[in-house]
Amino acid sequence: MILQEGLPLLYQQFTALFGKNLLLSWRNKRATCLQIFSSFFFILLIFCIEEAMKASDASSSAYKNITDPTLLVSPPILPCEDKFFVKLPCYDFVWSGNNSRRVTDIVSAIMANNPGRPIPTNKVQSFKEPDEVDTWLLSHPLQVPGALHFVERNASVISYGVQTNSSSESKRGQTEDPTFKFLVPLQVAAEREIARSLLGDPNFGWGLGFKEFARPAIITETTSALSVMGPVFFLAFSMFGFVLQLGALVTEKELKLRQAMTMMGVYDSAYWLSWLTWEGILTLVSSLFLVLFGMIFRFDFFLKNSFVLVFLLFLLFQFNMIGLAFALSSIISKSSSATTVGFLVFLIGFITQFVSATGFPYSSSYAVSRRVMWSLFPPNTFSAGLKLLLDATSTPKSSGISWSNRAVCEGGQATCVISINIIYQWLLGTFLFWFVLAIYFDNIIPNASGVRKPIFYFLAPGYWTGKGGNKVEEGSIFSCVGSVPLVEHNTPNDKDVLEEETEVKQQAMDGIADPNIAVQIHGLAKTYPGTTKLGCCKCTKTSPFHAVKGLWMNIAKDQLFCLLGPNGAGKTTTISCLTGINPVTGGDALIYGDSIRSSVGISNIRKMIGVCPQFDILWDALSSEQHLHLFASIKGLPPASIKSTAEKLLADVKLTGAAKVRAGSYSGGMKRRLSVAVALIGDPKLVFLDEPTTGMDPITRRHVWDIIQESKKGRAIILTTHSMEEADILSDRIGIMAKGRLRCIGTSIRLKSRFGTGFVATVSFIENKNDNNIGVGASHEPLKKFFKEHLKVEPTEENKAFMTFVIPHDKENLLTGFFEELQNRESEFGISDIQLGLATLEEVFLNIARQAELESATAEGNMVTLELASGISLEIPVGARFVGIPDTENAENPSGVMVEVYWQQDGSGSMCISGHSSEMRVPQNVPVTRPPSPNALGHKSLRQGVRGIVIDL
């Protein structure tokens, strides 16, 4: 199949990624509608605020035509509780002059004759002198609206004074007028009762009325709600798209979705252009709706200014925010942080809006450098543009800014440093700045795995030409702690591994490019640097971790190479290095001649590989059919063949019935099948399958095995798995890693013959219905004796139906004659069938893993406790097989006794003790290393736990 390249591939990837963005937005309708139509709610809110301001003004008499003012007749003294912000307990009024009997009677009459409400005596305070009143007022603020001061001059003259707080207060939009509310009622009451007292007629009528002059309504140029609240609301509206865009980009990075596309060969240019185009369309639509809604609600800002000018301001500003979101997404690694950063950007923009409103720094009094730095933050330039357009429509007589006057300075100045035309130029320039910076950051800032390009990667000719993939580049490894220490290379202990390493080194030295070799690994090493943590009064530093320690290996075409190993062996790290996910610390690997340490090389490699990662990397909102169409387009399949290829792969992995179901609804096994199909799309030359059948049912697993077997032709496959059956059936060669090193390599039969315990003989018996009461041992004792006499072995498993024996390799020369005799005596022993085979691959795997654990435990001192049946506790290294018991030497056992320890892997993949044999004699002439012990330990002290003796047999 011929794949597309160059510009046709770029266009195909762009359209596929654009379609993906469109589909994801469609399936997240709520967020998309919010981004497009949120402007309506902001405009509506501004409109409601402005109408409320107009209604508040209309309720005031100052803004009404008064032709016949209302007459106010004898207003009463109000309760003190009616005063705004009064403190309790309060008093309706206080008075001075209580040394005069006549004055006291006048005040009593004021209280009794108050219109509509007599004033209780406990609501009035009396004093002798005005100074006493002042003193009381100072010590009791806001507890009384006013005071009356009386002086009896003579029998016909009584003078008085009114004292009130002339400060007006506002509450809930209403202003309190102390003159008409408190002063006038006190004055009217005092004059009325003084007149009655002087005339001696308590029924003397005293009526007083007053009204304001007739006048027209006051016409003022009130401040528009849009001019006050608009800049903040417009910024908040634009932040919806910014936060959603930033969150989407960071989520794709966090969930490794972009990494999956990168491994399949997506162009960075196609990725960024697809996002820019889609977000640009959303921005254009949302900006258009904002302006239209503003015109519908009849705001002068939108009606008087040129439609194009207003639309361009919002459009270019939101484009700037897209560029800023791109740049920030290269730095942020967690989607949870994206919302926080978005709020922080809004908060900073909110603050700088007020600074920009003062004219800073867009005036000739500020240096150009300040304007440049200030304008790099998009909300600042946006605020300046809003100010120009708002000022142009600030009064009813203002005509706004037309398109032809866009370059004219504010106020008709001959020269200025800012105009709406200059604002547009700034917005265009800063968008390009942020967009280019985003692409640069995306290449040089290390991702979660530490991969980056050199700082001046764009100066390398290969970056533009795509050539030079076999040249190793510096700068592809990043570490925040400086240089990473390399592990020392050790000569392999295994002869097959040494032979493989020697062959690869010789080919590299001779410059031989074997066309039958797909992958050639040259001393691959990966070390994770230690970390430093500052705690309370101490600094904790961890040592570097060597995940892969010098791997040399060839992987041939048309073969499946299976890489086995316990958890932490380095399998997934090796695959991550080969696919370019993780940078290598040392060594290199050539995949069809391209180096994984070259950015050009890894780009070429990704065009010819397929990857099924250890953990599924899928979009929950996309179906399996849509996944395959997307990755087929990224790979460069001809458009005409994409549909048929996807249908075939879905049929191969039995997902045809669920082709249109979203992946988020799939089970774990279905997701793994989809990941396998994605890895095989585009006819890759090299396929990485990292535990591909995890979570599958047995029937589906067998079916996927058939697919993998059929896929070997014309390509190399690298498989990792924890299923020994899967490795045994599928692999042409097997390599077992442990502790970062390759421990053995070869075919399954080769490994079984070298590292297995021997041959496994299974003898099945003829069913005998008459021996129900005969024990197993009694019925098969002759056969057990036959094996014991000839091969010196005991059964490892036995029951009525069969018996299993493990025969050591050193008995191989006896097997031909032994089994000929056994076949001749089948009827004597009641045998129905005899099977002979090698040890299982699982046994080989456990032996290799156990030996690696023993080496590590011996070097690092990792010990576990072995509890013997006798109650003795022994401290033994992890992985030790034969362990001698100290101080058990006697005449019968001159070398002491030992036990064989059985090991297995626990749920986490770590080695743990599963049991041990009975005590047996230590063979003579076997060198042993005794544990350090200052004193001879008796049997009693063994119960307290001592170090066992490792015996190498």
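Sequential numbering from 1, following the chain as shown.
Glycine too: its Cβ is placed from the backbone N, Cα and C atoms.
Annotation comment: Swiss-Prot describes Gly565, Pro566, Asn567, Gly568, Ala569, Gly570, Lys571, Thr572 as ATP binding site. Secondary structure at Gly568 (ATP binding site), as computed by DSSP, is coil. Long-range neighbours of Gly568 (ATP binding site) (same chain, six or more residues apart, CB within less than 8 Å of its CB): Lys739, Gly909.
Swiss-Prot lists 519-764 with the feature domain 'ABC transporter', giving sequence analysis as the kind of evidence. Residues belonging to the domain 'ABC transporter' (519-764) score a mean pLDDT of 90 in the model.
Annotation comment: Swiss-Prot describes 33-53 (among others) as transmembrane segment, evidence class sequence analysis. Residues 222, 224-226, 229-230, 233-234, 236-237, 240-241, 244, 282, 285-286, 289-290, 293-294, 297, 299 of the same chain lie 6+ residues outside the transmembrane segment (33-53) yet bring a C-beta within less than 8 angstroms of a C-beta in it.
Swiss-Prot lists 230-250 (among others) with the feature transmembrane segment. Same-chain residues lying 6 or more positions outside the transmembrane segment (230-250) and placing a CB less than 8 Å from one of its CB atoms are 24, 31, 34-35, 38-39, 42, 45-46, 275, 279, 282-283, 286, 290, 301, 314, 317-318, 321-322, 324-326, 328-329, 332-335, 337-339, 341-343, 345-346, 349-350, 353, 357, 379, 382-383, 386-387, 390.
Positions annotated as transmembrane segment by Swiss-Prot: 277-297 (among others).
What Swiss-Prot lists as transmembrane segment is 307-327 (among others), and the listing cites sequence analysis. Cβ atoms under 8 Å from those of the transmembrane segment (307-327) belong to residues 234, 238-239, 241-242, 245-246, 249, 272, 275-276, 279-280, 283-284, 286-288, 290-291, 294-295, 301, 345, 378-379, 381-382, 385-386, 389, 401-403, 406, 420, 423-424, 427-428, 430-435, 437-439, 441 of the same chain, restricted to positions at least 6 beyond its ends.
The feature transmembrane segment is assigned by Swiss-Prot to 341-361 (among others), with sequence analysis given as support. Packing against the transmembrane segment (341-361) from elsewhere in the chain are residues 231-232, 235-236, 239, 242-243, 246-247, 324, 328, 332, 367, 370-371, 374, 377, 379-380, 383-384, 387: each is 6 or more residues past its ends and has a CB under 8 Å from a CB in it.
Under the heading transmembrane segment, Swiss-Prot lists 417-437 (among others).
Taking the mean position of the Cβ atoms of Gly565, Pro566, Asn567, Gly568, Ala569, Gly570, Lys571, Thr572 as the ATP site, the remaining same-chain residues with a Cβ inside 8 Å of that point are Thr573, Met737, Ala738, Gly909. Comparing the binding-site residues Asn567, Ala569 by how many other C-beta atoms lie within 10 angstroms of each C-beta, the top residue is Ala569. In sequence order, Ala738, Ala849, Gln905, Gly909, Ser910, Met911 are the residues near Pro566 (ATP binding site), counting only same-chain partners six or more apart with C-beta under 8 A. Contacts of Gly570 (ATP binding site) defined by a Cβ separation under 8 A and a same-chain sequence distance of 6+ are given as Lys526, Ala547, Val548, Lys549, Leu551, Met737, Lys739, Gly740, Arg741, in order along the sequence.
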